[in-house]
Amino acid sequence: MFDKTLAELAAGLKTGQFSSVELTQAYLARIKAEDTKYNSFISVTDDLALEQAAAADSLIAAGDAGTFTGLPIAHKDIFCTQGVRTSCASKMLDNFISPYNATVVDKFNQAGAVTLGKTNMDEFAMGSSNESSFYGPCKNPWNTDCVPGGSSGGSAAAVSAQLTPAATGSDTGGSIRQPAALCGITGLKPTYGRVSRYGMIAFASSLDQGGPMTKTAEDAALMLNVMAGFDKRDSTSADRDVPDYTADLTKPLDGLRIGLPKEFFSGDINADIAAQTQAAIKEFEKLGATVKEVSLPNTALSIPAYYIIAPAEASSNLSRFDGVRYGYRCEDPVDLEDLYKRSRGEGFGPEVKRRILVGAYALSEGFYDAYYNKAQQIRRLIRDDFTKVLSEVDVIMGPTTPHPAFKIGEKSSDPVAMYMEDIFTLSLNLAGLPGMSIPCGTVDGLPTGLQIIGDYFAEQKLLNVAHQFQLATDWHKQSPQGI
Amino acid sequence: MSLDRTDVDKIAHLARLQIEEQDAPEYAQNLSNILDLVDQMQAIDTTNVLPMAHPLDAVQRLRSDLVTEENQRELLQSVAPAVENGLFLVPKVIE
């Protein structure tokens, strides 16, 4: 049962093969028995889950069920969940019981979903390895010596280890796609503004975007149908109609134009990953697609631009954690400044502090033009590169990451080495474009991801392309050994 | 770009962030490395390129000037470290 997709489980609930309570109990028991190996959950919400499952079963019995009624999922611990600890994997919010729901959580509740718990992540979503969590690193189910990627590492590991059929994630520089690639699952970062940011604890507000992490593209479409939509509580929410993301899944790919950026296949990239990406492209050619080489000349600049813009916005966003209104407060502050400084110094971990310091420096008097303004100019160059290429092709493809999962501890003492792993994912956030990662092979027993990039609001196209690949191949059906 | 101890102390003060004495050299080193990385940007000519603040060049939405939120003071203060009579408590700031 644990290998079933959301679509299959929905069918099982509808035909009465099992109840939502039975399904939920089975998953809760599996999390308890198995998650000691992975540390993919920060909180397991047994009572809430069983209450929601019972309510879902009543709806199903009354014939009032929707597609999502009774389906269990997990939320990344960045999404505020009313009455539940929402920690963002930080000591700063270890005691924070959210008084309200994120819009994404509200939408899943309204759709009748069951919340199994809150998943592990890098502290405040700052990281590519899940090692910066206050609750300890999460481990990759394919090899528990390796990182699951980050920052949505817990969501990726939990789906991969079949502790939940699907989970929410958030992506500021690759935090859905990179862990999806490293754990062998499907992840979608929608267009900036497609999914509400309300109640999704802010990291870098002009880049942050929530999205689904699932076993299949079909499941990602089901999730996005619930998550997407305009929200007046998010000042940058896109005020556009939401299509049915499952509607185009079955369209054939005849005539699909794929662009392969030469910059995504050169430089420091694992040779097997490059080869597997090419093999996946061949598969698309068999499905009727045409392929051409394209160029995104400013790809390498996405790293410096991102590592100014994201920390600058983070330093501003994280100023709200002051030890006064919620979250951690230091013991016996001597004065207000001491209260601020020690609450923040003791409440934040090293990577968060590094990024606050970089951001505060970049925004400080005399440096704004050289750093923040320059980065925002480069951001436009990167966006213009994409716009030009996407006027010639329907989708852009390449590897999601340059390397497979690395060992826990291997890069944790060298922030810059860690940042380089985000080379293929950062530029989409800077441009605001949607992107997916789907499994396309393995290297030394570790999964690798194919990234598919589309034009603004072309999520239907991405899901169609990914679904057709998954009908023709079975990389997405591979599981870690023993699972 | 290389930062020293004094720079780190100054930035940490701006960010109201306490950095432990023994951790300061490592932060100075890390930050210098990060700034070296981002200095690649300076080689690019961006004359006449408009800074891009929002991917879709969106503008701020406006709404009617009406009360739309209810008062939830008690609920929102239920997670505060120290509250009295509906007010957040902090160390004395005015003598």
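Backbone N, Cα and C define each Cβ position, glycine as well.
Just so it is clear, the model here is predicted, and its values are computed rather than measured.
The annotation active site, charge relay system is assigned in TrEMBL to A:Lys76 (among others). Around the Cβ of A:Lys76 (active site, charge relay system), a 10 Å sphere holds 32 further Cβ atoms from the protein chains shown. Classification of A:Lys76 (active site, charge relay system) by DSSP places it within a strand.
Annotated active site, charge relay system per TrEMBL: A:Ser151 (among others), in sequence order. Around the Cβ of A:Ser151 (active site, charge relay system), a 10 Å sphere holds 35 further Cβ atoms from the protein chains shown.
The number of other CB atoms found within 10 A of the CB of A:Ser175 (active site, acyl-ester intermediate), across every protein chain shown, is 37. Look at TrEMBL and you will find A:Ser175 tagged as active site, acyl-ester intermediate.
Summarising the annotation, TrEMBL assigns domain 'Amidase' to A:22-463. The average pLDDT computed for the domain 'Amidase' (A:22-463) is 97.
Across the structure, A:Ser151 (active site, charge relay system) and A:Ser175 (active site, acyl-ester intermediate) place their CA atoms 5 angstrom apart. With respect to their backbone Cα atoms, A:Ser175 (active site, acyl-ester intermediate) and A:Lys76 (active site, charge relay system) stand 11 Å from each other.
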